[in-house]
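Feature list (source: TrEMBL):
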- Cys107, Cys112, Cys135, Cys138: Zn(2+) binding site (BINDING)
- 6-94: domain 'Aspartate carbamoyltransferase regulatory subunit N-terminal' (DOMAIN)
- 101-147: domain 'Aspartate carbamoyltransferase regulatory subunit C-terminal' (DOMAIN)
Amino acid sequence: MIKTRSVSAIDNGIVIDHIPAGQSLNIMRLLHVVNSKQRVTLGLNLRSTSLKLKDLIKIENRLLTPQEIEHVAIFAPGATISRIENFKVSEKFSCELPKTIRDVLVCPNQNCINHIESKGYFKLEGSSTQVKLRCFYCEKQFDRDQVEEICL
């Protein structure tokens, strides 16, 4: 069987692979690449042996900070990030969920100070397949899809 690429290679930059289908636009918004001048290749609903369908993001001439990697992990725990130099993978690792996350998400509890001030602070609980967020202020627990991201 001949293996073909659905998305072309990049010279230098990063590749975020194994993103659950439908989460790549959230990640692009958090990384501020939606309205930037950076060259971005986006693959949506690509075939995957482990996920059935996956998304993929390639950003040329860009590296991620440790904080940005944590933000990616919220939307795609277990995603693979590859650093590309001269068309070759120079570093590759998986995203791991951080223990806490700040200033990215807003508490959906309308009575919570976190909701009013939009300065989210959550403890992450659960597993990479079932992410739960516990608000540091009101202490209520929410599923990931119940919590809105802050437009940074």
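Even glycines carry a Cβ here, placed using N, Cα and C.
Where the annotation comes from TrEMBL, it is an automatic prediction and has not been curated.
Around Cys138 (Zn(2+) binding site), the same-chain residues at least 6 positions away in sequence with a Cβ under 8 Å from its Cβ are Cys107, Asn109, Asn111, Cys112, Ile113, Asn114.
For the binding-site residues listed here (Cys107, Cys112), the lowest count of other CB atoms within 10 A around the CB belongs to Cys112. Neighbours of Cys135 (Zn(2+) binding site), defined as other CB atoms within 10 A of its CB across all chains, total 23. Mean pLDDT for the domain 'Aspartate carbamoyltransferase regulatory subunit C-terminal' (101-147) in this predicted model: 87.
Highlighted in sequence order, Pro108, Asn109, Asn111, Ile113, Asn114, His115, Phe136, Tyr137, Glu139, Lys140 have their Cβ within 8 Å of the centre of the Cβ atoms of Cys107, Cys112, Cys135, Cys138, the residues recorded for Zn(2+), and are not part of that set. A strand conformation is recorded for Cys135 (Zn(2+) binding site) in the three-state DSSP classification.
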